[in-house]
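Asker: Take this structure first; my questions come after.
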């Protein structure tokens, strides 16, 4: 019995020991939880004190608090990070304290545009780089955007910009109003166009065609004082309307260029050739051309105007000209009248010359994409001859086998020969080749801005000339197309722009507007017949296969 008691006692003692150990474990866990809560309370208390200190410092000084890596003591260093729950609760408490103190989501300071480089300066003498010709920017770094170079002030540019915006809004509003009037829309447009034409004619009549002596002296003094560092005075050179139209186009082109620059497509100091020395001319380029990088980064190229080879310096050009035997383009001369000649150059036989011609053309054309693959094309190069050789005037290219009957793939008149009638001669020559081939031709799209203007002017003259000589009563677009080799689509678009195509009783009628024909005849008599293509001077037959 004693042993049993002893065993029972031992068992009871063991049970009591186990109960005591369980109670001891529960009490230790509760103590640990209490310690953890104590730590959390202390950390929260420290954070609240720090947030109050930050709030008081923010009230006295609005400068943002220093980071834990700075000189200010970090509250995080005093917190026991042994528990992950503590760090999570601490971050939540910190966010709440920052929100209460008003320091979270602090707005960024306003900065100037990130693309502006303040180390750059406008190259115009005496300019502080403030203002912009478009009136929409606070600074400029190029001559094209310099108000001082264009004889204007920054305030005047802003006033002109607001005036242009107001004019655009008024025009948009009037167009919307006319769109709502479906019945009288066409008639309202015609009346508005006639009023606008009369207004422009009246404004152009007011111009004093002969400059006064004071104005001449003013122009001379301005040129002697500033030279090429300022734009020439443009007042009274043309009418106020045309001058304002030029300023609008200038500002619009510059605004588009500024948008490209801000988008990163155009950057200052990029590899772009600024000028080329071509014969006796120094030409400013308009667009980028993919010349080799070692030449493009120079900024200026020197070219032989006969073989179109490009060089790095004036010395190399002089040495080249001493031994260059070319005096005209390679290929066959297919047209000559007076000093004007046209040479047919095969891209397969004269590959290097045609590639150099395409690279040269890209400096003045925006949409040109053909540079090196010249073998499927024929190039017709127009030149003007003197005692030194045949100088490049312009050219156009066409595919040897065009599926869509394009008679021109690319066309260019050199800048020194623009506005002299040579572009019209090139277009006329391309249609003359189409007539010999007994085809109807059209230029390849898209056309450049200047190319579109030239073609519209040519189509207008061709149609008015045809209607002037036409004596019948019925006329069809098909007959006009066969006679002139102009595509019917181009004929219809030109007639619509001249308001000579009307829809009446289910039929389209061509109106013979005698006023337009008389105006064309008067201008044609003043212009003369110097810059025209003579079909009898053409010595050419269509190529038979390639």
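Every residue gets a Cβ built from N, Cα and C, even glycine.
Quick caveat, the model's predicted, so the values are computed rather than measured.
Annotation comment: TrEMBL describes 1-92, 163-191, 203-230, 523-546 as region 'Disordered'. Look at TrEMBL and you will find 21-34, 52-64, 163-182, 213-230 tagged as compositional bias 'Basic and acidic residues'. The annotation compositional bias 'Low complexity' is assigned in TrEMBL to 37-51. The compositional bias 'Polar residues' annotation in TrEMBL covers 68-86, 530-539. The domain 'MYST-type HAT' annotation in TrEMBL covers 268-542. According to TrEMBL, the active site, proton donor/acceptor annotation covers 444.
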Asker: Would you mind listing the long-range same-chain contacts of the compositional bias 'Polar residues' (530-539), meaning Cβ under 8 Å and 6+ residues beyond its ends?
Answerer: 333-337, 420-422, 424-425, 428-429, 432, 435-436
Asker: Which residue counts does DSSP yield for the compositional bias 'Basic and acidic residues' (213-230) in the helix, strand and coil classes, in that order?
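Answerer: Split by secondary structure, the compositional bias 'Basic and acidic residues' (213-230) comes out as 17 helix, 0 strand, 1 coil.
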Asker: Tell me the Cβ neighbour count for the residue listed as 'active site, proton donor/acceptor', meaning other Cβ atoms within 10 Å of its Cβ, over all protein chains shown.
Answerer: 17
Asker: Tell me, roughly as an integer, the mean pLDDT over the domain 'MYST-type HAT' (268-542).
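Answerer: Mean model confidence (pLDDT) across the domain 'MYST-type HAT' (268-542) is 90.
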